[in-house]
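J.: Would you mind keeping the following structure in view while I ask a few things?
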Ligand code: PEP
């Protein structure tokens, strides 16, 4: 089994002017270059990707898209495709973020299509899964996570997870300041890995499973110290270079 290298990915969401992005990308590039061991990626809004690509080329920081179309090209006004992201040097594409699921009606089937579209373009999908507060309180966390995973497994098979990242993001913890406890997160991460291991032990052992949901410098180390937590998908804290870098260092 290959050793899993910790990945810290920053999801900027719909934030950042040109000037703010220049300062943020520059600071992250310098900070990571000064000796962060974890793999680091940022996912800016589409319009800022060319700028990130130019600034980060040749640096250890990777970049990716927050979303992508299920189509390669054509009459899909307003969409951005996997090949376009790849053309601008993206390594990753986030698929199935809870905000896409909640506000843009992306269900598990659409997310599975996006997962496939990312891989077809040579991108590594970061597949987000996670339960709402109501689902957790109803005791259906594992069922919800399993349903999202199974949709991708049904469409693409277990081998597809050799070139994918999973992010467990409890919806109730995203942007709320409420973090899952390391034990709560570890339990779901172990469940995810176990579900994949039932199909292929080596793939399950190699796949990186990130935690996302109000991660900060102050809570990152304990979360990343859990056996099945291989890094983080960071929203709000990725907009502050010092905070984001402290999370990256906590992953070392
Ligand atoms: C996210 O948007 O993926 C996320 C985890 O956000 P935050 O870190 O702000 O909770």
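All positions are counted from 1 along the displayed chain.
Note that Cβ sites are derived from N, Cα and C of the backbone, with glycine treated the same way.
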J.: Can you tell which of 58, 64, 65, 175 TrEMBL lists as binding substrate with 11, 12, 13, 214, 235, 236?
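T.: When TrEMBL describes the substrate site, the candidate it includes is 175.
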J.: Including all protein chains displayed, how many Cβ atoms other than that of residue 97 (active site, electrophile) lie within 10 Å of its Cβ?
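T.: The answer is 27 other Cβ atoms.
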J.: Can you list which of these binding-site residues (11, 12, 175, 214) have a Cβ closer than 6 Å to ligand 1?
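T.: Passing the 6 Å Cβ check against ligand 1: 11, 175, 214.
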J.: Could you check which of these recorded positions, 11, 12, 97, 235, sit within 10 Å of residue 169 (active site, proton acceptor), going Cα to Cα?
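T.: Those near residue 169 (active site, proton acceptor) - Cα within 10 Å - are 97, in sequence order.
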J.: Find the longest CA to CA distance in the recorded substrate-binding set 11, 12, 13, 175, 214, 235, 236; express it in Å as a whole number.
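T.: Roughly 14 Å, rounded to the nearest whole number.
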J.: Would you mind listing, in sequence order, the residues at least six apart from residue 11 (substrate binding site) in the same chain with a Cβ closer than 8 Å to its Cβ?
T.: 43, 66, 94, 97, 212, 233, 234, 235, 238
J.: May I ask you to report the DSSP-based helix, strand or coil state of residue 236 (substrate binding site)?
T.: helix
